Every structure is written in C-alpha cells, then in structure tokens.
C-alpha cells in the first residue's frame, strides 16, 4: 500500500513538472550557453543613444507662456459652456423619461403618465398617445 502511494505521489510530481514546463514560452527553454547567446533578445546596438539637453531660460519662459495661454483658453471655453442658464420648471413635476417613483410628484407633460417596471423598481414618465 505504501509503495503504491509513493509511486502515485512521484507520478503526480512529474506530471506537475511537465505541465508547467510545457507551458513555458520557447524563449525561456534555454538548454546551454550557445542557445543563450543566439536567442538573446537584448542587443545594446539596437537601442538609440540618449542625449540630455539643458533648457535655457528663454525656452522655459516660452513654455510657461504657452501653458498660460492654454489654461486661459480652457477657462474661457468652460465659462462659455457654463454661461447657458437652464429654464427652471414652473411647478414641482417630473420631466418626460425621468424617474417618477411613487413619492415623486406627477409628470409635467399632461399627456404623460408614470409607468413602472420590474416590480415598481424602475419608473419613468412616458407619453402614451401621440394624439393627446
């Protein structure tokens, strides 16, 4: 009985090892130094050289000015969008296609009615007849 358990445990370990080894990508299956040299994907000659350039004061000032212009243009654009006032509703009512759960007031449109679905969990004001 102990021999069969030992044999099954050894078989299980080998199966786990071979399963993990079979899922490795081909680049990671290196056998010797020659294959390591031939399969190396990192070549230092392939990368371009990096040069570091110091910025002078004039270029810094130009970039700051450009940044300030961009900021001011963004602020002006946002101010234009905000400037439109919304028309306030005259009475406390629910607009068409908005949520109108039972504690909410009635629908604003006289032709609309509150329709509920999914056991009154999703309610909205809808126009039922076009001839109203």
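The chain as shown is numbered from 1 upward.
Cβ coordinates are placed from backbone N, Cα and C, and glycine is handled just like the others.
These come from Swiss-Prot:
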{"type": "SIGNAL", "residues": "1-22", "note": "signal peptide"}
{"type": "CARBOHYD", "residues": "39", "note": "N-linked glycosylation site"}
{"type": "REGION", "residues": "62-88", "note": "region 'Disordered'"}
{"type": "COMPBIAS", "residues": "63-79", "note": "compositional bias 'Basic and acidic residues'"}
{"type": "DISULFID", "residues": "93-108", "note": "disulfide bond"}
{"type": "DOMAIN", "residues": "93-132", "note": "domain 'Agouti'"}
{"type": "DISULFID", "residues": "100-114", "note": "disulfide bond"}
{"type": "DISULFID", "residues": "107-125", "note": "disulfide bond"}
{"type": "DISULFID", "residues": "111-132", "note": "disulfide bond"}
{"type": "DISULFID", "residues": "116-123", "note": "disulfide bond"}
Identify, among the disulfide-bonded residues 108, 111, 114, the residue whose Cβ has the fewest other Cβ atoms within 10 Å in this structure.
111
According to DSSP, collapsed to three classes, what secondary structure does residue 93 (disulfide bond) have?
coil
Assigned element (helix, strand, coil) containing residue 114 (disulfide bond), judged by DSSP:
strand
What Cα-Cα separation, expressed in whole Å, is found between residue 123 (disulfide bond) and residue 100 (disulfide bond)?
5
Show me the subset of 111, 114, 116, 132 whose Cα is within 10 Å of residue 93 (disulfide bond); these are the disulfide-bonded residues I mean.
none
Just the number: how many Å between the Cα atoms of residue 111 (disulfide bond) and residue 100 (disulfide bond)?
15
Give me the Cα-Cα distance between residue 132 (disulfide bond) and residue 100 (disulfide bond), rounded to a whole Å.
20
